[in-house]
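This report concerns only the one structure given below.
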Amino acid sequence: MTGLLAFLLIVLEWTRPSLPSPLRPICDLRVLNHFIKEAQDAEAAMKTCREGCTLSESVVVPQTTVDFDVWEKKNASAKAEEVQSGLWLLQQAFNFLRTSVTNAALHSHIDNAVRNLLSVNAVLRSLNIQEFTPQANGAEIEGTWRASSAAELLQVYVNFLRGKARLLLLDAQACQQDVS
């Protein structure tokens, strides 16, 4: 529920008609930490699930490992494209998981994960990070692999938020401005 509240606050701020300037940058990592905590809660719930919580077939997910030397050499748009492709892949994977899982308690975690992915995209928009949606299907996106279980998908989700998404937010130009 708190993820939905955070998302609604972001959307309301973004769509407010009297707002003469773009959404203020959301540089506070506590916002991302909140999404990570909820992802960890979903991962824990999945690990305790015994019935109705399987993935009917493997799904394409982003690689979560980061070679920091390679990451530092990428330009901002390449980093943004990689993270947004990963967020898109995760959203597709969660939508598929939703159709595979019959456990009602897990449905709420899956729905919350999808809302939080949309919220992370809204945070990126607030940082003036150009939106990117992959044109290819998931298998054609570079830097992917297949998750064969729901628990594996949730682990990828947590690691992606903790890794590449966090690095992109830390590097965001809008957050680098001196506030003196």
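Just so you know, glycine gets a Cβ as well, placed from its N, Cα and C.
According to Swiss-Prot, the signal peptide annotation covers 1-20, on the basis of sequence analysis.
What Swiss-Prot lists as disulfide bond is Cys27-Cys175 (among others), and the listing cites similarity to another entry. Counted within 10 Å of its Cβ, the other Cβ atoms near Cys175 (disulfide bond) come to 14, all protein chains included.
The disulfide bond annotation in Swiss-Prot covers Cys49-Cys53 (among others), and the record cites similarity to another entry as its basis. Remark: Cys53 (disulfide bond) has Met46, Val101, Thr102, Asn103, Leu106, Ala150 as non-local neighbours, by Cβ distance under 8 Å and separation of at least 6 in sequence.
Over all protein chains present, the Cβ of Asn75 (N-linked glycosylation site) has 8 other Cβ atoms lying within 10 Å. Reduced to three states, the DSSP call for Asn75 (N-linked glycosylation site) is coil. The N-linked glycosylation site annotation in Swiss-Prot covers Asn75.
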- prompt: Do any residues at least six apart in sequence from Cys49 (disulfide bond), in the same chain, have a Cβ closer than 8 Å to its Cβ, and if so which, in order?
  reply: Asn103, Ala105, Leu106, Ala150
- prompt: Name the residues of the same chain, 6+ apart in sequence, whose Cβ is under 8 Å from the Cβ of Cys27 (disulfide bond)?
  reply: Leu127, Leu169, Ala172, Ala174, Cys175
